[in-house]
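Note sheet for the following structure.
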Amino acid sequence: MTSPVLEVSRIRKVFGGVVALEEVSFAVAAGEMVALIGPNGAGKSTCFNVVNGQLRPDEGHVALHGRAITGLPARKIWRLGVGRTFQVAATFASMTVMENVQMALLSRRRRLLSLWPRATRLYRGEALELLERVGAADLADRPCGQLAYGDVKRIELAIALANEPALLLMDEPTAGMAPGERAELMALTAAIAREGRIAVLFTEHDMDVVFGHADRVLVLDRGHLIAAGEADTVRNDPRVREVYLGPETLAADEAEADAPGWAAC
Amino acid sequence: MLSVSGLCVFYGRAQVLFDLNAEVPRGRVVALMGRNGAGKSTTMKAIMGLLPVAAGRVAFEGREITGLDPYRIARLGIGYVPEDRRVFPDMTVDENLEVGRRPLPEGAGLDAPAWDREAIYTLFPNLRELRARGAGQTSGGEQQMLALARTLMGNPRLLLLDEPSEGLAPVIVQQMARAIQRLKRQGLTVLLSEQNLRFAHAVADEAVVIEKGRVRFAGSIQELEADETLKRAYLAV
Amino acid sequence: MSLVVVQFLTGLASASSLFLVACGLSIIFGVTRIVNFAHGSLYMLGIYVAYSTAERLMPLLGGAGFWLALPAAALLVGLIGAAMEVTVLRRLYRSHELFQLLATFGVVLIVDDIALAIWGPADLLGPRAPGFDGSIAILGSKIPEYDLVLIVLGPLVLGLLWLLFRRTRWGTLVRAATQDREMAGALGVDQKKLFTAVVFLGAFLAGLGGAMQLPREAANLGMDLNIIAEAFVVTVVGGMGSIGGAFLAALLVAELNAFGILVFPEISIVLLFLVMAVVLVLRPQGLLGKAEQAQHATHGEAEPTLAPGGRAMTAAGLLLVAALAALPTLAGGYLLGVASEILILALFAASLQFIMGVGGMISFGHAAYLGLGAYAAAILTRELGAPMEGALLAAPLAGGLGALAFGWFCVRLSGVYLAMLTLAFAQIAWSVAFQWTEVTGGDNGILGVWPSHWADSAARFYWLTLALVAAAVALLRRAVFAPFGYALRAGRDSPRRAQAVGIAVRRQQWLGFTLAGVFAGLAGGLYAFLKGSVFPDVMAIPMSVDGLVMVLLGGVQTLAGPLVGAAVYDGLKAELVTRTEFWRIIVGCVIVLLCVAFPRGLVGNLKALWQSRRGVEG
């Protein structure tokens with residue numbers, strides 16, 4: 001196996017005396033989809049934000065293709081080949097779908113300071129190709145601010161791909177989507193990742209998405225990585241079941257209803 | 001107890017709810033279901049007076065409340081827990097509860113218990129431990145609990161719970177379900193919005209399914225559970 | 001040594017009133033999210049009302065009359081503030097911050113003229129404080145006794161406010177509404193009452209701050225804008241919404257003023273600027289402020305997409321320029337002067353629209369760059385004997401350099417904070433022009449700035465203006481649709497997404513701000529030669545607001561808007577000023593009305609009408 005695209009080693013992060021992350025290490029290889037899960041407050045967002053550069057870890061480091069990216073600003077990390085999608089999809093609402101993708105391409109070619117050419121005439125073909133890859137070519141001329149949410153998510157993916165990233169970071173990619181749409185988006189992502197040998201790291205709450213699409217699953221609890229491995233292994237790990245997944249059914253709990261229900265969280 | 005008829009709501013020029021009808025009988029838990037963007041949260045906000053109603057009416061205990069300011073609706077006995085919890089982050093847990101505190105309205109039925117801090121801390125023991133902590137420093141699950149507790153402090157007779165399970169870890173979701181079941185046993189009427197049929201099934205008696213702002217189904221949760229076509233069409237399970 | 005003590009205590013005394021005003025501003029902002037531009041006007045009303053009340057009560061009650069007049073004045077100002085909340089602010093809670101600032105500035109103009117009508121233009125010196133009219137010796141230097149009253153008042157009010165907000169249910173509800181007013185409403189808190197009460201409290205504090213100044217300084221009509229600029233600096237430095245921060249910052253600012261006068265009497269304000277700059281670089285959220293959290297889902301519509309006008313539009317533009325070029329064949333000198341002024345202001349407004357509409361940065365101090373251009377041109381021609389051509393090259397350079405320097409700080413903030421900072425910078429530029437008499441001539445300005453011989457007729461200067469303005473506006477439009485403008489717009493639409501595709505948002509904004517400064521500077525250079533003179537007024541707050549009103553009149557998101565806005569506004573104002581002394585109140589009412597009723601502006605509203613018509617037909 002070739003060297004990993006993303007390598008996170010022994011990260012530690014403390015917020016005002018509270019340890020958010022401790023000794024967290026993992027790697028993601030090209031073409032691999034890895035899910036990062038855990039209960040609320042387990043350190044998922046912190047971990048994600050350390051990887052994407054928003055937070056600087058107190059100890060440890062993050063490397064992309066062996067090159068340290070710890071604490072670099074988001075825009076530099078993008079230039080090194082990291083594409084991102086957000087929990088609440090972020091696009092440029094005052095531009096058309098096509099212009100959104102062109103914007104990313106203009107940035108990639110470092111044309112942002114040019115004052116004369118018409119931006120809409122640059123890199124149209126390339127932008128259209130990217131839209132085709134996510135199946136959104138027919139939306140090219142629609143204003144992005146008026147799209148349905150599911151479509152915005154796909155556009156975001158196209159924007160993230162504009163820099164031919166080696167690594168794709170997706171923060172709760174399916175949050176706010178209907179279950180059917182969720183599977184669709186993740187299948188699309190998986191296909192693109194495999195085809196382009198892109199490493200994908202995503203956080204997620206929807207266990208159907210996690211176990212349906214992740215090659216490997218990482219589980220965080222109170223800042224520690226408590227499990228890592230293939231979906232089935234993780235699903236049956238007793239510790240994971242205890243802190244996160246819980247017993248399978250919701251309805252059969254009348255008997256224990258009088259136990260202090262909230263105490264564990 | 002709550003009756004919504006012919007409700008139409010717009011966001012700007014786009015119509016989001018079309019002639020929506022729904023009933024919430026006293027003492028029942030009704031799940032408002034549908035995909036994202038179907039209009040669930042919009043319905044909740046419109047009932048609460050947080051969004052302008054273009055047409056139709058909302059009646060609570062036989063009294064029309066359409067167009068009233070949210071604070072008046074709250075004082076009539078409707079409690080609202082928003083989908084993103086919205087605790088006051090820079091205030092302590094205790095102060096958050098204080099904001100929600102309302103004395104029982106006059107002539108209030110005996111069907112709802114009078115909540116005070118003690119009762120809240122008995123129901124949610126770990127809020128007591130956190131009482132002096134800033135609400136912004138608590139975890140997502142704790143915030144969800146606080147948001148519910150804060151609303152209960154207003155002694156509502158009807159509870160509007162917007163997406164109580166969204167974004168929470170499975171363990172917390174189960175605890176949330178248990179809390180709703182308990183409140184129901186205490187006589188509270190609940191309207192909750194939900195995408196997750198499993199969760200709705202665990203807590204609700206009845207379901208109203210909406211799609212693109214229109215009602216597609218209204219009936220018992222068991223009927224919905226049994227109807228594969230309906231589920232596939234509007235819930236995308 | 002004794003001088004240091006005296007200055008220190010004077011600073012402490014001045015800090016009290018400043019703190020009262022700034023914390024009132026902060027409290028109102030906290031709950032209503034409106035930066036009340038008219039807060040300085042409430043302060044000014046405080047001292048005027050205290051003057052009139054003391055004048056009536058003192059003959060009846062003697063010394064007690066004076067001490068009664070101060071809280072009575074504060075109370076009355078509080079009620080005026082509450083009335084303002086009910087009539088104006090309440091209609092603006094859901095509006096864009098630009099309209100909130102502008103509408104409250106409209107109130108400034110209205111109050112200005114009302115004060116002028118009631119109290120007249122002359123300074124009014126109040127009585128000395130009975131019982132505290134002497135001075136006492138501290139470490140061998142004399143300190144006015146009244147200063148000691150003020151020194152005690154500040155911490156006293158701070159303590160009372162702390163108790164109010166931390167120990168009462170009302171205070172808890174106010175803090176809840178500060179953090180999430182919609183949610184507080186959904187929990188049964190009557191927002192309307194709460195908001196009115198909060199604005200009453202804030203206005204009361206401003207009125208008290210003004211009234212307390214009665215024995216210290218003469219009431220005058222310029223007090224409103226002077227104090228508001230300082231109060232903005234205090235709130236930005238202290239941290240918006242933090243009462244403790246306002247107290248600290250007021251102390252800091254007042255002490256700086258007190259000692260600055262000893263060290264750099266001419267340009268003491270520069271010290272203030274330096275401190276503000278240092279604080280903002282180290283702590284952009286202010287000394288005790290909280291970092292801005294992501295705003296709650298705004299209910300505003302997404303900004304519209306922009307598309308170049310196409311050939312028809314270009315043709316129409318060329319036709320317009322051609323028609324304008326023919327104007328000298330029809331019009332005489334006076335009219336050509338007005339037309340030149342309108343063109344220059346159109347360029348000024350267009351440059352402002354570039355950073356506001358495209359860049360999403362609201363500047364309340366854009367006149368600074370107009371003024372820098374004007375002064376650069378004037379100083380070069382008068383002092384160094386440079387020709388007009390050279391001066392007109394230097395003007396955009398000066399505007400651009402000023403914007404480069406100030407912009408570096410401004411782009412670190414956003415929204416209303418940025419607006420306040422731009423205003424503070426402009427006020428600093430104005431103060432320098434006003435105080436640095438050797439170079440700028442101070443209040444007397446620089447006279448005799450005439451164009452070169454070849455452009456000295458009204459018609460020729462008009463043609464020169466037209467050519468430069470047309471070229472500059474065309475360039476600006478080109479930039480909007482070039483990658484530069486797109487990247488700027490990307491940063492406005494979604495800073496997070498822009499960063500994530502490698503756009504250095506701050507740098508892009510900084511350069512956009514600078515580019516706008518260049519064009520404003522060019523407009524300033526032309527303005528100096530048109531008028532033949534330059535006065536500090538060219539960079540005063542009203543000039544900045546004029547630019548905003550022009551942009552607003554035309555429509556913020558409409559590229560042709562500023563041009564139409566400049567023509568309409570400047571034309572009307574020129575008419576008004578010749579007809580009545582009380583033109584401010586009319587302009588003020590128009591601004592308030594515009595903000596409340598037509599936020600999309602003239603062109604914006606016409607466009608919307610046109611689109612909805614076409615929509616209906618199609």
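The backbone N, Cα and C atoms fix where each Cβ goes, glycine too.
According to TrEMBL, the protein carries these features:
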type	residues	note
TRANSMEM	C:6-29	transmembrane segment
TRANSMEM	C:36-54	transmembrane segment
TRANSMEM	C:66-86	transmembrane segment
TRANSMEM	C:98-119	transmembrane segment
TRANSMEM	C:148-165	transmembrane segment
TRANSMEM	C:194-212	transmembrane segment
TRANSMEM	C:261-282	transmembrane segment
TRANSMEM	C:315-336	transmembrane segment
TRANSMEM	C:343-370	transmembrane segment
TRANSMEM	C:390-409	transmembrane segment
TRANSMEM	C:509-530	transmembrane segment
TRANSMEM	C:550-570	transmembrane segment
Response to the item:
Ranking C:98-119, C:148-165, C:261-282, C:315-336, C:390-409 by Cβ pairs under 8 Å to the transmembrane segment (C:550-570) puts first C:98-119
Worksheet entry | Contact call for the transmembrane segment (C:66-86) against the transmembrane segment (C:6-29), three or more Cβ pairs under 8 Å | no
Item to complete: Give the one range among C:6-29, C:98-119, C:148-165, C:315-336, C:343-370 whose Cβ atoms make the most pairs under 8 Å with those of the transmembrane segment (C:194-212).
Response: C:6-29
Worksheet item: Would you call the transmembrane segment (C:148-165) and the transmembrane segment (C:343-370) in contact, using three or more Cβ pairs under 8 Å, pairs 6 or more apart in sequence?
Response: no
